[in-house]
Amino acid sequence: MTVATPAKPAVRRPVVKPDRTILLVLFFVVTSVLLIISHQPGMMKSLGPFGDVLRNKVVEALVVSLFLANVLFAYLWKAANWAKLLVGIGSLLFVLPLAGQTDTSLLDLSIQIMIFAALALGLNIVVGLAGLLDLGYVAFFAVGAYTWSIFASPRFGEVLKYYGENPGATGSGTLAIGLVLTGVTAGSMLYIRGLHGRMAPTRLSSLSFLLAGFGLLSGIILVGRSILVLASGSAAAVASGINPGFFWLFLALSIMAAAIVGVLIGLPVLRLKGDYLAIITLGLGEVIRVLANNLGLYTAGSQGITPIGSAPVPWFNSLAGSLGFRPDQYSLLFLYVLVLIVIAVILLVNVRLDKSRIGRAWVAIRDDEIAAQAMGVPLMQTKLIAFATGASFAGVMGMIFAAKQTFISPESFNLLQSITVLSMVVLGGMGSFSGVILGAAVVTLLNLRILPGLGEASANVPWIPQEVNPANFNRFIFGSILVAMMLLRPEGLLPNKRVARELHHEDDQEDESEDGNASGLKQGGDVYSAGLATIKEDDRPGGER
Amino acid sequence: MELSVLLPFIVNVIVGGLVLGFVYAIIALGYTMVYGVLQLINFAHSEVFITGAVVGFEIFRVLQDSAMNGYLKLLLALLAAMTVSGLLNVLIERLAYRPLRGAPRLVPLITAIGVSLILQDVLRFLEGLQGRFDLTYTLPTGFGNKFCATDSTCAPVGNFLRTIGVDVQLKDVILVVVALVSLLVLNYVVNRTRLGKAIRAVSQDRVTAGLMGIDSNRMISATFLIGGSLGGVSGVLFGMKFGTVNAYSGFDPGIIAFTAAVLGGIGSIPGAVLGGLLLGVIQNLIGVMNIFGNLLGFANLGTIDASYSKIGPFIVLVLILIFKPTGLLGKSNVEKV
């Protein structure tokens with residue numbers, strides 16, 4: 001006897017993405033071959049007219065973007081894990097360096113893309129996760145770059161020489177005074193801070209805290225100055241910069257320096273919100289640039305610092321040599337690998353932070369500051385951590401940037417750079433890691449390849465005046481990216497799910513109404529937030545609340 | 001430096017700062033009005049006002065050989081600049097900001113930055129088509145002369161000014177007069193007309209104003225029109241004052257003017273004027289700080305020079321926002337425009 005099995009109710013399966021393993025591998029092979037061919041000058045010549053097309057800068061940019069799209073597809077498509085791994089590792093570790101062997105500009109471009117990807121990831125923490133619009137982000141990049149450049153270039157010797165010639169009344173006595181002052185003031189600051197933990201700060205205690213802060217600052221200046229004077233004897237020894245072996249130490253120092261500057265800038269300004277914060281950070285970014293321009297002794301002013309050393313890696317060089325690289329390519333290849341490692345670490349930190357307590361606190365602050373505070377999120381501290389984390393990514397990449405360029409000047413760190421990074425974040429999608437990396441790749445390719453390529457193409461056309469050379473249209477491009485994305489797709493190309501839902505609040509209402517509590521959300525603008533909520537009528541972001 | 005030389009020098013610096021301050025004040029009004037109705041920093045205002053400067057430059061360039069009266073040329077330039085800048089500002093609002101009404105706060109702000117960048121390159125492109133980048137004003141003859149140097153009717157005034165050590169050019173006086181007239185007209189429009197009343201109502205409470213039968217979108221457009229026209233005026237004045245402008249030169253005065261608006265209390269018209277004047281003077285004083293340094297024996301001050309006057313406004317902005325975020329004239333129930 002058979003019991004008729006009741007027909008199973010139709011289960012609505014989630015849409016299954018088609019498996020694209022074969023497509024992915026095929027795409028990888030084709031683009032890799034194309035990339036390698038297009039960077040082999042000898043082979044291009046034999047290709048005749050086709051080679052000429054490939055040599056065009058714009059076409060080259062397209063080839064490179066197609067190639068980089070591999071990595072993107074490996075991330076997005078559903079495919080076997082081995083294929084994803086193969087494409088990711090194969091393209092970044094084998095094909096790119098291989099193609100770069102005959103054409104180092106490709107390595108340079110890749111390093112540049114990854115540097116900007118790291119900057120975008122850093123800014124993404126500040127803008128995308130914590131909702132604090134920072135328009136002076138490139139200042140941290142500058143701090144990292146100058147931290148290494150001053151020491152790893154002839155500048156350091158000149159600074160020491162200057163202090164040797166102008167010791168003033170400085171000597172070991174000053175060092176002692178400075179150390180005592182630093183110790184005492186730092187101690188009293190800690191003590192007052194401890195007191196404030198136990199009782200409400202009074203006017204007097206706040207004042208003494210401020211006073212101790214000034215004392216600490218002057219103590220540090222005294223110590224620094226006397227150390228410089230005492231060390232001035234070795235000016236000749238560091239005439240071409242300190243031992244490049246310090247590179248690894250400075251990798252950590254640049255992170256720390258940028259984070260400290262981030263906290264110092266953040267402390268006064270993070271009480272402000274929204275647009276005020278934007279304009280203040282813009283201002284402080286400019287302040288740092290102007291300082292770099294004017295502190296000629298340390299930064300060589302507008303002439304810039306050069307040459308800047310890089311890490312000595314004999315074992316890596318011999319490895320590269322055995323792989324067939326030329327000695328003049330070693331340094332670039334090394335930086336490429338270094339940048340790859342650093343960005344992998346940064347990405348890991350990002351992903352881990354995003355899921356951590358602090359990451360959730362950032363998102364909470366972005367979405368609703370008051371609610372976050374009510375839930376016990378310490379506002380200032382959390383915002384400062386966001387600033388410092390974002391800054392430290394910029395700091396380490398600034399140092400690598402300086403080592404790659406071997407030349408930096410204040411003009412490398414102007415407002416347009418901050419806007420560039422912002423447009424990467426906006427293009428890719430605020431809060432989305434894969435998005436901002438994509439944004440960084442697209443904008444950098446536009447900036448470094450496509451626009452100059454168009455510029456070269458138009459340079460030979462007689463009726464286009466030099467003043468309208470497309471190579472100079474980067475402001476227009478970035479502006480259009482910002483406006484178009486904000487008007488048409490504010491969540492970015494590869495949106496973060498949460499942000500997308502937030503931004504399309506009204507569209508979701510129908511879906512949510514099943515839960516019965518969507519009606520309360522109908523107004524859409526009832527939530528107060530510095531970052532992503534709508535503007536309320538009597539909302540004055542200027543002051544503290 | 002001798003005191004007898006120093007005093008007139010300082011007076012000149014201050015007077016120069018005040019003249020500059022009037023330009024900043026008019027620019028600041030554009031920011032403060034838009035901020036009053038939309039709570040948005042209109043980053044594009046710096047380009048709106050540079051557009052005015054470019055239009056003024058074109059008018060002066062076209063008319064440079066005509067025998068027209070210099071004041072008439074100036075009037076034409078001002079009117080043209082007002083029209084173009086005003087309409088441009090309305091257009092920006094219509095295309096870029098209105099679709100984002102009610103959107104999250106960062107969204108219109110980023111859009112404004114984008115619009116500002118686009119306009120910079122469009123302006124550069126338009127002038128670049130004719131092979132120009134730096135636009136040098138050709139002012140009508142006589143505008144660059146010393147004030148009341150030859151005219152017998154006002155010679156006593158001029159002589160008096162020169163005895164106390166103030167040396168102003170005719171164009172500076174014109175500039176101040178134009179600025180004052182614009183301020184008076186603005187004050188009349190905002191405080192005495194129905195339009196002004198409606199704008200004030202919208203800036204106080206858009207929803208309630210709507211219930212009272214005020215079309216808030218039209219009022220916002222009107223605000224952008226007025227702010228943009230003021231931007232046009234300030235552009236021409238800026239061009240007259242500095243002589244040379246280019247598509248990118250709106251940024252610095254834009255930031256200073258915004259700082260002025262915040263310094264005075266954003267949303268407040270008298271505040272914007274006061275802030276502008278103060279910042280003009282402060283900026284000029286920082287520019288000559290090295291002289292004070294040498295005078296008092298602080299050699300370190302000698303290294304503070306004109307390049308630092310660029311960051312002066314930012315420092316001021318940080319200080320105000322930390323210590324008195326409502327600004328000098330801003331009250332909690334400030335009358336916004």
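Glycine too: its Cβ is placed from the backbone N, Cα and C atoms.
Feature annotations, courtesy of TrEMBL:
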type	residues	note
COMPBIAS	A:535-545	compositional bias 'Basic and acidic residues'
REGION	A:503-545	region 'Disordered'
TRANSMEM	A:21-38	transmembrane segment
TRANSMEM	A:58-77	transmembrane segment
TRANSMEM	A:82-99	transmembrane segment
TRANSMEM	A:111-130	transmembrane segment
TRANSMEM	A:135-153	transmembrane segment
TRANSMEM	A:173-192	transmembrane segment
TRANSMEM	A:204-227	transmembrane segment
TRANSMEM	A:247-270	transmembrane segment
TRANSMEM	A:332-353	transmembrane segment
TRANSMEM	A:384-403	transmembrane segment
TRANSMEM	A:424-451	transmembrane segment
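By the count of Cβ pairs under 8 Å, the stretch nearest in packing to the transmembrane segment (A:424-451) among A:58-77, A:82-99, A:111-130, A:135-153, A:204-227 is A:111-130. The transmembrane segment (A:135-153) makes contact with the transmembrane segment (A:247-270): 3 or more of their CB pairs lie within 8 A, with pairs spaced 6 or more apart in sequence. The stretches the transmembrane segment (A:332-353) and the transmembrane segment (A:111-130) are in mutual contact, each linked to the other by at least three Cβ pairs under 8 Å (pairs 6 or more apart in sequence). By the Cβ criterion (distance under 8 Å, sequence gap of 6 or more), the transmembrane segment (A:111-130) is counted as touching the transmembrane segment (A:384-403), at least 3 such pairs being found. A:21-38 is the stretch from A:21-38, A:204-227, A:384-403 with the greatest number of Cβ pairs below 8 Å to the transmembrane segment (A:58-77).
If you look at the transmembrane segment (A:384-403), the same-chain residues 6 or more away from its ends with a CB under 8 A from one of its CBs are 111, 115, 118-119, 121-126, 129-130, 132, 134, 137-138, 140-149, 152, 247, 250-251, 254-263, 265-267, 270, 305, 308-311, 335, 338-339, 342, 346, 349, 353, 358, 362, 412.
Here the transmembrane segment (A:247-270) has long-range neighbours at 132, 136, 139-141, 143-144, 147-148, 151-152, 277, 280-281, 284, 288, 309-312, 380, 383-384, 387-392, 394-396, 398-399, 403, meaning same-chain residues at least 6 beyond its ends whose C-beta is under 8 angstroms from one of its own.
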